[in-house]
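Engineer: For reference, TrEMBL lists these features for the protein:
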- 1-22: region 'Disordered' (REGION)
- 1-17: compositional bias 'Polar residues' (COMPBIAS)
- 31-119: domain 'Methylated-DNA-[protein]-cysteine S-methyltransferase DNA binding' (DOMAIN)
- 147-167: region 'Disordered' (REGION)
Amino acid sequence: MEASWSDTRTHTSSIHPSSLPMPQTDEAAAFFHAVYSAISQIPRGHVTTYGHIAQLIGTPQRPRQVGVCLKHLPEDASARWNHANVPWQRVVNARGVISPRGRPAAVRTQAQLLQEEGVEVGGGGGLGELRVDLADYGWFPSVLPEEEEGVGVQGAQDTQIKEEDSD
């Protein structure tokens, strides 16, 4: 029998709810896999939006669920998808703003990781928000690089840059 959320819940204030295991249906597991796989293809030095990831995986109406997947991205390196192999920091909201989280330091951590990749992060998002200029650093392919027939990831990146330059 599949465990329910209430079966896995621990009534201890020292455990953050996002660190608890989330029981998943096959459909949910496939969605998480698709999200993490798509995010893994965002090139270093670029960002995209929750909505664009949702669009790339065929669920344009589900950008918030993309955020839920990132919220539950395991930190444990033994997990198939984790903080070490999914560049979660490369996903921002539709305005280019780093989305706030439960921990105030998390926004600064994301900004620092992006800056280490050469992405400029500045203020200007209002209310002290940190923002990335999507015109300069945005990555918005029409299909994922792994889906482009006969083109490797580097070739797909080159194609995307050329398409943007020709506008």
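Even glycines carry a Cβ here, placed using N, Cα and C.
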Engineer: List the helix, strand and coil residue totals of the domain 'Methylated-DNA-[protein]-cysteine S-methyltransferase DNA binding' (31-119) as derived from DSSP.
Structural biologist: 40 helix, 6 strand, 43 coil
Engineer: Taking the domain 'Methylated-DNA-[protein]-cysteine S-methyltransferase DNA binding' (31-119) alone, what is its mean pLDDT?
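Structural biologist: The predicted confidence over the domain 'Methylated-DNA-[protein]-cysteine S-methyltransferase DNA binding' (31-119), as a mean pLDDT, is 95.
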